[in-house]
Amino acid sequence: MKQSPGKTRRGGRYTKVTSDPPEGGWGIVVVVASHLIMALVLGLIRCSGVFYQSWKNEFNTGAKETAAVQSITASLSSFSGIIGGILTKRYSCRFSGMLGGVLASCGLFVSCWVANIYQLYVTAAITGAGMGITYNAGIVAVALYFKKKYKTANAIAFSGCGTGMIAAPPLLQLLSENFGWRGAVFISSAIMANGVAFCLLFRPLPRRVEQSAAESSESDDRAGPFAQGGVLVASDEGDNVEEDSITGDDRCCNAPDELQNTSDENVLSDMSNNSGYVPPKEAKKLCVAATLLKTYSELLGLNIFLKSYRFALLCLLQFQFSLPYMGFVQFLIPRAESLGVTPSSAAFLLSLFGIGTLLGRLANGVLISWRPTAEHVTAAGMTLAGLSMMLLNVDNYAVLAVVSFVKGFAIGFLVAVMVVLTRRYVGMANFALSVAIFGIFFGAGVLTGPVMAGWLLDVTGNYQTVFYVLAGVYFMCVVQILLLPLLKRIEPGIDILPSDR
């Protein structure tokens, strides 16, 4: 039976093992592989707008139905990150990444033979889920191999997002012109299969034993009732082990004192108000319910929302931010083609968007290090993104090219600075869970954004209304950002180390 991470059982005893990040060596190979995985995943997800007109014509669908293909792919890639995290923790980055690569490649391969748009929805879901699992494995692998140099390694890996968005649009457009969209998707499945080989490079780190057999024996002696049928639970934070009893009643008895006191006060209050008697079993049920409520609220991160109102607003901003973002990516190429621009020149606009995104991610640190706060930088970025969205209504290719680059730059540093704000609001202790919650809100936004933009296009029949509405969403975000100082005064707050601010 596989043991929990960080613990191994030898001769009936649990021994703690750890892995020291090499800070180089094979870690360089891991960073390069992760960079290429990011390029494959983001390049294929963000640039499917190249096939938008081909799908619309072949399946005889409206803008909303056609745009839903990218919505499903992008949203499933965000939602499946949770599954990827579970697989990575249970097995390894290598296994989960290779599994995701196989799913993504198979999803693209089967897409070549779809007969209608609904079958394409199914294959898009498979592709998106596989890409999300592979993407998660690439992020975790870099974190495992680096500690002191993690910021640099992570920046290099994440720059693959810009690399993919620069290279994918002209490549997919060239393949589509020569082999049709089905042939282009077929070749894309072969390209995505390289992700399996890249994840094969995520070899597990060698483990080092930290606890001796004698210390393990003492721990077993302290565990006591283990030999009588208890369940031994290994803590992720240290070497201590504790016995988790089986019955819910015993869990209630072991609940924190403050929960028991609260429950007792509630029981006494009910007795005094109703002049009735509450049986001990009912009081115990209340204790169990309170314990479970507290446990699951912490597990799902609900306690973070209750303590940090600024983080709750940031999640709402993340959802709104992703709506026009994916709408822009979906309809940039069709907008350019509506002006009579050649397909290859229209696809080049997405490459300019990728270049701007790459530079925006790199410039993020410089912008924050200046006198303006991260909140001010975020508001400026949202304003710039909204203005660039409005300028997409200008009927000039040169203007569209400049706007694509500026929009990419704004998006690049907005994504990075919102991660910085998350860390400041919740601290490193809650950072991992907060990032997962962020992914859920982003996935909901990318699922809704293209569909909403497609519906507006079907109703109005012109792109001007679509881009004005999407620009208005950005300006609404700017107004909401102004509420952050107020929320800071009234929120309960989270204890955050000075190094996290």
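Glycine residues also receive a Cβ, built from the backbone N, Cα and C atoms like all the rest.
What TrEMBL records for 26-55, 67-87, 99-118, 124-146, 153-172, 184-202, 311-333, 345-362, 374-392, 398-421, 433-453, 465-487 is transmembrane segment. Among the features that TrEMBL reports, domain 'Major facilitator superfamily (MFS) profile' is placed at 27-489.
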Select the range from 26-55, 99-118, 184-202, 433-453 that forms the most Cβ-Cβ pairs under 8 Å with the transmembrane segment (67-87).
433-453
For the domain 'Major facilitator superfamily (MFS) profile' (27-489), would you mind checking the mean pLDDT of the predicted model?
77
Any contact, the transmembrane segment (153-172) to the transmembrane segment (433-453), with at least 3 Cβ pairs under 8 A:
no
Contact between the transmembrane segment (345-362) and the transmembrane segment (26-55) (at least 3 Cβ pairs under 8 Å, separation 6+):
yes
Which range out of 124-146, 184-202, 398-421, 433-453, 465-487 gives the transmembrane segment (99-118) the most CB pairs under 8 Å?
124-146
Could you check whether the transmembrane segment (184-202) and the transmembrane segment (311-333) come into contact, where contact means at least 3 Cβ pairs under 8 Å with the two residues of each pair 6 or more apart in sequence?
no
Which range wins on Cβ pairs under 8 Å with the transmembrane segment (398-421): 124-146, 311-333, 374-392, 433-453, 465-487?
374-392
Quick one: do the transmembrane segment (374-392) and the transmembrane segment (26-55) have at least 3 Cβ pairs under 8 Å, skipping pairs fewer than 6 apart in sequence?
no
Should anything in the same chain at least six residues away from the transmembrane segment (465-487) have a Cβ under 8 Å from its Cβ atoms, list it; otherwise answer none.
309-310, 313, 316-317, 320-321, 323-324, 327-328, 331, 335, 375, 378-379, 382-383, 385-387, 389-390, 392-393, 453, 456-457
Would you kindly list the residues that approach the transmembrane segment (124-146) from elsewhere in its chain, counting only those six or more residues past its ends and only Cβ-Cβ distances under 8 Å?
19, 21-23, 26-27, 30-31, 33-34, 37-38, 41, 44-45, 69-70, 72-81, 83-85, 87-88, 93-94, 96-97, 99-108, 110-111, 152-154, 157, 192, 195, 198-199, 202, 205
